[in-house]
Amino acid sequence: MQVVYNFSQPGLQWKQSDHLRSLMTVTSRDWLLDRGSLTRRLRVLSDDDLEVVPLREEVGVILPHEADVLGLQLGAIGGVREVYLVGFGRPWVFARSIIVNSGSIEEGSALLQLGNMPLGDLLFGDGSFQRSEIEVCRYHDACNASARSTYPLWARRSVFKREKMHVLVQEMFLPALWEEMS
């Protein structure tokens, strides 16, 4: 699968959910603001036919808005993981995670070698990660792919912290997910 979506669109406005709540449908609000494991919800929706398709797992430059939310300087380097979460053969979510660890390099590197294993299983597995507030973003024709859909592109992000490790998880909810639930 090729990457059609990305989080580097100019002018993205990440906001606390209260600022955009009135623009969300009941269904999108339920999914975007849920603090539980998205992986678990997608497994239920897909009758356990959820596939993780890795697109990128490497060390790279962190985008400016990512560095800002993580409290890092522009041009900072971190682990970058991009995947599609696919249900019934259709991409439902595009996820980009940024992993920074000022402690053990090995621990951070392990998260870049997950392959088709969901990151959510680790983040929610043992309860050791603390999750920040969820921020949301609505794309306004930011991607050509979204312009062809009747469903707006919504994304959310939050930071998971455990000791010296910080994992910024950004999830874009794709039109195929909303179509599956309609």
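Just so you know, glycine gets a Cβ as well, placed from its N, Cα and C.
Keep in mind that what you see is a predicted model, and the values were worked out from it rather than measured.
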Listed co-binder of substrate (same site as LEU119, GLU171, source Swiss-Prot) among ARG81, ARG90, ARG138
ARG81
With the substrate site defined by the record as ARG81, LEU119, GLU171, how many Å span the farthest pair of C-alpha atoms?
12
Taking the Cβ of GLU171 (substrate binding site) as the centre, count every other Cβ atom within 10 Å, in any protein chain shown.
24
Taking DSSP three-state, what's LEU119 (substrate binding site) in: helix, strand or coil?
helix
Which residues in the same chain, at least 6 apart in sequence, have a Cβ under 8 Å from the Cβ of LEU119 (substrate binding site)?
THR39, ARG81, VAL83, ALA95, SER97, LEU111, VAL167, VAL169
